[in-house]
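According to Swiss-Prot, the features are:
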- 22-74: domain 'Tudor-knot' (DOMAIN)
- 88-114: region 'Disordered' (REGION)
- 99-109: compositional bias 'Polar residues' (COMPBIAS)
- 162-433: domain 'MYST-type HAT' (DOMAIN)
- 195-220: zinc finger (ZN_FING)
- 245-266: motif 'ESA1-RPD3 motif' (MOTIF)
- 303, 304, 305, 306, 307, 312, 313, 314, 315, 316, 317, 318, 342: acetyl-CoA binding site (BINDING)
- 304: site 'Important for catalytic activity' (SITE)
């Protein structure tokens, strides 16, 4: 079974040895006291015993992992993939497809950019608000990758998204973390059981001895940039990708372990990185970060955003999002994150947008327009309307759309206030929007 779910069921066969297991076959694997059907994506025989990289069918890709042979149930049949069509059949299929395409050469020119009709482009379809920027919900995995932006922080190699996770465990400070995805660390590190990543420089090592020797000599105790925000809880540093290429590339390599579609680890020059840290007696420990393009043609205020796994589910994600909008307010701009968001990223943004909109509407207590909400929050009108529709507070009344507050919204507002979650204090932000000339925005300036 492929990730897009289009491949037909395979051929069931009983086997006696794991030597008969091949890539793309499916077998039953022990996982958390239950058996799950898993697809073999890769086989590693460089070290004994052999290991198999598996994707659990109908489960999230971040659960993919390396397993040993003892977890594979050979008592059940293995599904082998069906043989692909012969080369002659493929040629006929391609020829037929080319003929069909040539019959309507003007089809692609009938529509506007990105497939939108050139007519009625000023009309907003409130039933089809697309906060993810993906046109078709039925789009396949391969088509989705092809449609990703080729600028910003999107991966530009479609095969890269499907690569096998190459690191087993990383040790960062006092935390041991299991990566989720592939990241292009040096190949000599991929056979190590643990990779050591320095808490402050993000430099990586294949052995504990190398790491400890490096740590004794290194004096850096915070991200190598300007501290632009500090309160009793967190600090924020601004780092220019051009001025701190090595550190920013190390950051991108680390974040790629936990982000699937996003990848930028060589060309960091066009980006600014805003890193959130927690302080202790040792220094500033990285909690999460977001990056943004120095000049975004699409008006994005965030390119990549990540809270490190050891700090997730603690409220740091909302602080990162809130801080990105505080920067947009300082710039007197509206902004939105680069699309598509990861599943966790979309959940975090939806929660932030909902909380922000509910708080504003309840506390404002006067009539207010969508444009005024956008100006006060720096959220785009599309994100505001999407959030209002999700909250079910958008209604069509007497020829216009209105937002109304119901009891559920008021109850949610009261619960928000009772939580007393931490927020960003705009008065503690010491920052002016950086200005770059055309020559400064060019690569290798």
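Heads up, the Cβ atoms here are built off N, Cα and C, so glycines get one too.
Taking the features listed in Swiss-Prot, we show where each one sits on the structure.
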residue : record                                  : Cβ within 10 Å
303     : acetyl-CoA binding site                 : 23
304     : site 'Important for catalytic activity' : 26
305     : acetyl-CoA binding site                 : 27
307     : acetyl-CoA binding site                 : 24
313     : acetyl-CoA binding site                 : 8
315     : acetyl-CoA binding site                 : 14
317     : acetyl-CoA binding site                 : 25
342     : acetyl-CoA binding site                 : 17
*Which value does the mean pLDDT take for the motif 'ESA1-RPD3 motif' (245-266) in this predicted structure?*
85
*asked:* At a C-beta cut-off of under 8 Å, are there same-chain residues at least 6 beyond the zinc finger (195-220) that contact it? List them, or none.
replied: 167, 169-173, 185, 188-189, 247, 250-251, 253-254, 282-286
*asked:* For the zinc finger (195-220), how many residues does DSSP put in helix, in strand and in coil?
replied: 10 helix, 5 strand, 11 coil
*May I ask you to report the DSSP-based helix, strand or coil state of residue 305 (acetyl-CoA binding site)?*
strand
*List the helix, strand and coil residue totals of the domain 'Tudor-knot' (22-74) as derived from DSSP.*
6 helix, 29 strand, 18 coil
*In Å, how long is the longest CA to CA span across 303, 304, 305, 306, 307, 312, 313, 314, 315, 316, 317, 318, 342, which the record gives as the acetyl-CoA binders?*
22
